[in-house]
C-alpha cells in the first residue's frame with residue numbers, strides 16, 4: 001500500500017469515527033421521538049441490505065431479486081428466537097396455535113442465527129438457481145422469495161411461524177443491553193454498530209482475492225473461468241454471504257418495527273432496494289449507503305408534505321394527497337434510470353480524492369467556459 | 001377419474017378461464033422477450049392500468065364506447081412506455097433495460113395508487129359477459145366459457161399475422177437475429193413498436209375478461225398475474241406463442257385446483273391456498289433446471 005493510500009485510509013477511518021460520534025451526541029441530546037432517529041435507523045438498515053444486494057448485482061454480476069425473501073427469513077428467525085418463553089406460551093402472540101419452541105435466546109444470538117438461517121437457505125436454493133443466466137436468475141430468485149413468503153404464511157407451520165398473523169413482543173431495539181456491565185446501548189447507535197460491522201466485512205471481502213474473483217466473474221465469465229476461477233463456488237459464496245447480511249438486516253428491521261408480518265416482504269420491497277442500489281450506483285458501496293439514507297430521508301421525512309396537503313408552503317390538499325409522494329418519487333427514479341444510469345457514484349467510492357477531483361473539474365470547467373466565452 | 005372431474009368441475013372451468021386470460025397476457029411477454037430479450041416487468045401493470053381505465057371510462061360513457069377506447073388507450077400506453085423507457089436504452093447493457101422495466105412497473109403502480117387513493121375499485125359489469133349459466137351442475141359466468149374461445153381465435157389470428165404478413169415476417173427475422181435483420185433493411189424500431197402494440201392490445205382484452213371474473217381492480221392486482229404469465233411464457237418456451245398459450249392454460253388450471261382442492265398428498269386443510277402463487281414459481285424453477293428452453297423453445301447456443 002502506497003503512502004497516499006494510507007493517508008486516504010486514515011482519513012476515511014476518521015470520517016467514519018466522526019459519524020459515530022455525531023450519532024452518539026445526537027442520541028444523548030435530542031428526544032428519542034425525533035424523526036431524525038427513524039431516518040437514521042431505517043437508513044442504516046437499508047444501507048446494509050442495499051450493500052448486500054450490491055455485492056451480488058454490482059460486484060459479482062448476478063442479477064438476483066430475492067432480497068426480500070432472505071430478509072423475511074432473518075426477521076422471522078430473529079422474532080421466533082428472541083420472543084420470551086412466557087409470551088410464547090401465553091395467548092398474546094400465538095393466539096391460534098400452540099408454539100412448539102420452548103426456549104428463547106439473547107439478541108446477539110438471534111441476530112447471528114437470523115443471518116445463518118438466511119445463508120443456509122441461500123446455499124440450498126443456490127444449487128439449482130445459480131446455474132441460470134441473467135434474467136432467468138432474476139425471475140427464479142424472485143420466485144423463491146415468493147415461495148418463502150408462502151411457506152411462512154402456511155397455517156400448517158403455524159406453531160412455529162404463527163401463520164399469517166403478526167409477530168410481536170420479541171426483543172426490540174429498546175432492550176439492547178451489554179451483557180456483563182448491564183449498560184443499555186442507545187437504539188440508533190446499536191443499529192449503526194451492527195450495520196457498520198457488516199458493511200465493513202463486505203468491504204474487506206470485496207478488496208480480498210475473493211472480491212477480485214467476483215469482479216472477474218462480473219466482467220467476463222468465460223475469461224474468469226479460463227483464469228482458473230471456480231465459477232460455481234464463487235457465485236455460491238457471493239450469494240450465501242449476501243443472503244447472510246440480508247438476513248441480519250431483516251432481523252434489524254424487525255427490531256426497529258416492533259412488529260413483523262410476512263406479507264410485508266413482497267417483491268415490491270426487493271424492487272425498492274434495487275432502485276436504491278441503482279440510485280447509488282451499481283458497484284459502489286458508499287453510493288449504496290448514501291442512496292439509502294437519501295431515499296429514506298426523502299420518503300419518510302422531507303417529502304412527507306406531499307402526502308399531507310402542504311409542501312414548501314404551498315397548500316393544495318387536492319393534489320398533495322396520499323400517494324403523491326411515491327408518485328413523484330417513482331418519476332424521479334425513472335429520470336435517474338434513464339438519464340443518469342450511473343447513479344450518484346457510478347462504480348467509484350466516496351473519498352477525499354474523488355471529491356477533490358470533482359471540485360477541480362468543476363472549477364476548470366468554469367474557467368474554460370469563462371476563457372472561451374469572448375473568443376467564441 | 002370422472003368422479004374427480006365432476007367434483008372439481010367448477011375449479012377446472014375457472015382454471016380454463018383464468019388460463020385463457022393468462023395466455024393473452026403471456027403472449028405479450030413472450031413476443032417482447034423473443035425480440036428484445038427483455039422481461040417486460042411493466043406488462044402486468046399495463047394490464048392493471050387497462051382495468052382501471054375501464055373503471056373510470058365506463059362511469060362516464062356507455063359500455064359500447066368505453067370498450068374500444070380502453071383498447072386504444074392501453075395500446076397507446078404500451079407504445080409510449082416502449083418509446084420513453086426502453087428505446088433510449090437499446091444499446092445499453094441488458095441489466096439496465098430490465099431495471100428500467102422495473103422502474104416503469106413501480107411508476108405505474110404508484111401512479112395507480114395515487115389516482116385511486118389506494119382503494120380497490122369495483123369493476124363494471126360488462127352486460128353479456130357477467131351473466132350466470134350452469135354447466136353440468138356447476139354454475140359459472142358466461143365469461144368462463146367465452147374466454148378460451150376468444151383466446152384461441154385471437155391466437156390463431158396472431159399466428160396468421162406472424163406467418164403471412166410482411167410485418168410478421170420482419171418480427172420473425174428480428175427475433176432470430178437482431179443485428180443481421182437491421183442490416184437487411186428491416187426497420188427495427190417499427191417492428192418493436194408493433195410488438196408492444198400487439199402485446200398491450202391482448203393485455204387489454206385479457207384484463208376485461210380477467211376483471212369481469214374478479215370484480216375488483218387494485219393498483220397491485222397487476223403484479224402477481226404479470227409474474228405468473230411470465231412463468232407461463234418461460235414454461236412454454238420463451239419466444240413461442242403456442243408454448244405461452246399452453247403454459248398459461250396449465251398454470252391456470254393447476255392453480256385453481258390447488259385453491260379449491262380440499263386435500264393434496266393427504267395433507268388436508270385450506271392451507272394449500274397460500275401455495276397457489278408459490279406453485280407457479282416452483283414450476284418455473286423445475287422447468288428452468290430440467291429443461292431451460294421450455295416445452296417448445298428453441299435451443300439457444302451461447303456465442304463466446
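Glycine residues also receive a Cβ, built from the backbone N, Cα and C atoms like all the rest.
Automatic prediction, not curation, is the source of TrEMBL annotations.
Over in TrEMBL, the protein carries these features:
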- A:7-25: transmembrane segment (TRANSMEM)
- A:45-63: transmembrane segment (TRANSMEM)
- A:70-87: transmembrane segment (TRANSMEM)
- A:107-129: transmembrane segment (TRANSMEM)
- A:136-154: transmembrane segment (TRANSMEM)
- A:189-208: transmembrane segment (TRANSMEM)
- A:239-261: transmembrane segment (TRANSMEM)
- A:273-298: transmembrane segment (TRANSMEM)
- A:327-345: transmembrane segment (TRANSMEM)
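Two recorded stretches are said to be in contact when at least 3 C-beta pairs lie under 8 angstroms, sequence spacing 6 or more; the transmembrane segment (A:239-261) and the transmembrane segment (A:273-298) fall short of this definition. Segment contact is absent for the transmembrane segment (A:136-154) and the transmembrane segment (A:7-25), given fewer than three CB pairs below 8 angstroms at sequence separation of 6 or more. Counting only same-chain residues 6+ beyond the ends of the transmembrane segment (A:189-208), those with a CB under 8 A from a CB of the stretch are 16, 19-20, 23-24, 27, 40-41, 44-45, 47-48, 51-52, 55, 59, 111, 173, 176, 214-215, 241, 245, 248-249, 252, 255-256, 285, 289. A Cβ distance under 8 Å defines the sequence-distant neighbours of the transmembrane segment (A:327-345), meaning residues of its chain 6+ beyond its ends; these are 275, 278-282, 284, 286-287, 290-291, 298-299, 303, 306.
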